[in-house]
Each structure stands twice: as structure tokens, then as C-alpha cells.
Amino acid sequence: MLRWLCLYSALCALTHGSSARSLEWFTALVRTEYTEPLTNSSVTGSTESGRYGDSSPKESVKGFVGYPRDPWQLEGCHPDTQYIVPGTSAAAAAGPDSEWTQPWIALVARGGCTFKEKVFNAANRGASAVVIYNEAKSGNATVSMSHLGTGNTVVIMVSYPKGMEIMEPLRRDIPVKMVITVGTRHVQEFISGQSVVFVAIAFITMMIISLAWLIFYYIQRFLYTGAQCGNQSNRKETKKAISQLQLHRVKKGEKGIDIDAENCAVCIENYKTKDLVRILPCKHIFHRLCIDPWLIEHRTCPMCKLDVIKALGFWVEPEETLDIHVPDSIAGSSLSIGTVSITQEESRSEGNNLPSSSTGSSLQQSNSVKDDAGETTALLDDPGNDNAAATHTQDSH
């Protein structure tokens, strides 16, 4: 996920660097001055309320302000537009043949034609600069103006309120002197529409890839969780089956196992007195603490690879541990049985034919263990029977 975000950021940066363009524009400081006839006082105003046109020279200019004579031609779109410059001698209209020779600035309204036409018409009448005031609905806003090919004529735009402020004394035939100077430089960066579409497509693509990756991730996680739950269920069944295996505690002096020679095949340590061992169906013996974790993970005997769980498939009932006392008649056997674990099912099936001591069953199990003595595994007995075994051996001689 982090790699995709880094790739997207790099892509956006590359797109921004290659497709972004910067727009440079300058504000105009507009200063006006006129004399109020009624009070004979000077009224001045200076605000950074103008904006230079894109193709206008960024220069300062000054002069008296003129405006279109015809109220229906305030936009200055007609080539024959006549301008009045208050304060001129004989109130002459500005034009090519006018006696007015000082620089003057045309004040026209926005709309009716292109900015370029307005500038051309005013320049043909001798204006050294053109001030265009915005529409009333735009309030105090100004916009960029494109007017290629207008030469050295300075062009600025002011807001509608500022235009009306300048127009008010002109309509009373009061000369207004204006000074335009360069204001603050502004740089505005923007991205083209094509770049925006490209970045949007790239972003959507990244989101789709990320969503697909998340869906894949959570599906895998769900499957893994389900498998874990299944494994836990199997582990519970395995533990339940392992609990049915016989347990025996090693006793000192037992002949079925040589404590000094025999060892657990899992931990490779010799059996010690009082060690608790588990007897598998294949008659192999291991430490309980060693073989139980092994069976939970592998289910097979470490030595003969017998599947212990399958071998215990017939042992479906919980185990019941019974103490079986070995009679003296079989005490001389090389292997003897101390405590043996049998299931409730076997106990019930043979309970009606055997006495409470279960002597016949113990004899059968003893013979079975003797047949497997060559595998060095045994069910061990109490050391108290050692003397009886020795006596039996002497009598046989």
C-alpha cells in the first residue's frame, strides 16, 4: 500500500511539473485628484484597485481622464466614439484634430466588444492609456484581460465602484487628473484541464488496485482464520484421543526396562524412577511430556510411524483407569503389568464373564506384552515381585 501511495505522489509531482503553468499579473495603483468647485477643496484618492492587462506595458502613466460623450457608447466599442476631456480649452472633444495635446486617459465600461477593440478605438482618439471598469454584478472584482497587438497603450481594469467614483466628477464637468503606477507582482499557478483528467484517472486506477489488494488480503485472512479454527478443532479431537493412551510410572528395579540403557526416543534421555511414560498401541514407550506434543503435531509414533489416531479409532469412549493386581503365578515373567489403562467398552464387554479381580484379562495382556519384548518396550511392575521371580527361576532349575 505504501508503495502505491509513493508512486501516486511521484506521478502527481511529475504531472504538476510538466503540465502546470504560471500566470503572472500586476496590480495597478490608481491615484485621482480633482478640485471640488463648491468648496474649492482638493479631493484625492489613492488605492491599489487596478489590474494591468496581460498585453499591457507595465509602466506608469498620468493624464486627465476622458469619457465617451454619447451615453449609449460608454463601452467605447464604436470606431467613431467621441470623448470628452473636462478641462480642455473650448470644451473641445478629443480626437485626431483636437487642440488638446496633453496626455489623457480614456475611461470606458466593460462589455459590448472585445478589450482589444476598446483599446484600439481609444488609442485612435489619442488616448495614452485606457481604464476599463468592470460590470456592476462583479462588485469589487477585476479580471485578466487579453488584448494582443495593442502596442504601447497602457491598459488597466478597475472595479465597478471605483469606475463610478471616477465618473461622478467627470459628469459634473470637473477635470480629474489620474496617475497610474505599477503595484504588486502576483504569480498564480494552475494545472490545465488535461492534466486534471490525467491525475483523476491515475487516482481512480490506484484506488481500484488498492481495493482489489485489500479484498484479496482479507479473503486470504478469512481463509487462514477458518483453517486455524479447523486445526484447533482437530487438535481438540487429537488431545481427546491421546488421553486414552495408557500411562505408567517407572519404578526402581523393574525388569521390563533398563533405566541405565533405555531412553526416550524423543528427548534422548534415559528413563528415571518415577518418570511418567505413555504406552502407544505399538507398545513403544516415551515420556508423556515428550510424546504428547509430538502426537498432537504428527499423530504418528516417532519410531515405527504408526498412525496413533487411526489405531485409537476403536477407542471412542473416555478411558477409565483400573488397578490390576498381578498374581504371583506370572511374577517370574520378564515383563509384568503394574497399572494398566483399559476402556469402559472393554470393561463392559467382559464384566459379566470375569471376576472383579479381572485375572483372565490380565493374563492375556501379559502374554501380548511378552510377545513384543524384543522391541525393548514394556509395561512395568512393582519391584516387590523381583524376589518371587528369582524364587521361581531357582525352582525351575
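Just so it is clear, glycine is given a Cβ too, placed from its N, Cα and C backbone atoms.
Look at Swiss-Prot and you will find 1-20 tagged as signal peptide, backed by sequence analysis.
Residues annotated as region 'Disordered' in Swiss-Prot: 39-60 (among others).
Other Cβ atoms within 10 Å of the Cβ of Asn40 (N-linked glycosylation site), summed over all protein chains shown, number 7. The annotation N-linked glycosylation site is assigned in Swiss-Prot to Asn40 (among others).
A sphere of 10 angstroms centred on the C-beta of Asn140 (N-linked glycosylation site) encloses 11 other C-beta atoms. In the three-state DSSP reading, Asn140 (N-linked glycosylation site) counts as coil. According to Swiss-Prot, the feature N-linked glycosylation site maps to Asn140 (among others), an assignment based on sequence analysis.
According to Swiss-Prot, the N-linked glycosylation site annotation covers Asn231 (among others).
If you look up Swiss-Prot, you'll see 264-305 marked as zinc finger. Across the zinc finger (264-305), the DSSP tally of helix, strand and coil residues reads 11 helix, 9 strand, 22 coil.
Among the features that Swiss-Prot reports, region 'Disordered' is placed at 341-397 (among others).
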Could you round the CA separation between Asn140 (N-linked glycosylation site) and Asn40 (N-linked glycosylation site) to a whole angstrom and send it over?
30
Helix, strand, coil residue numbers for the region 'Disordered' (39-60) per DSSP?
0 helix, 12 strand, 10 coil
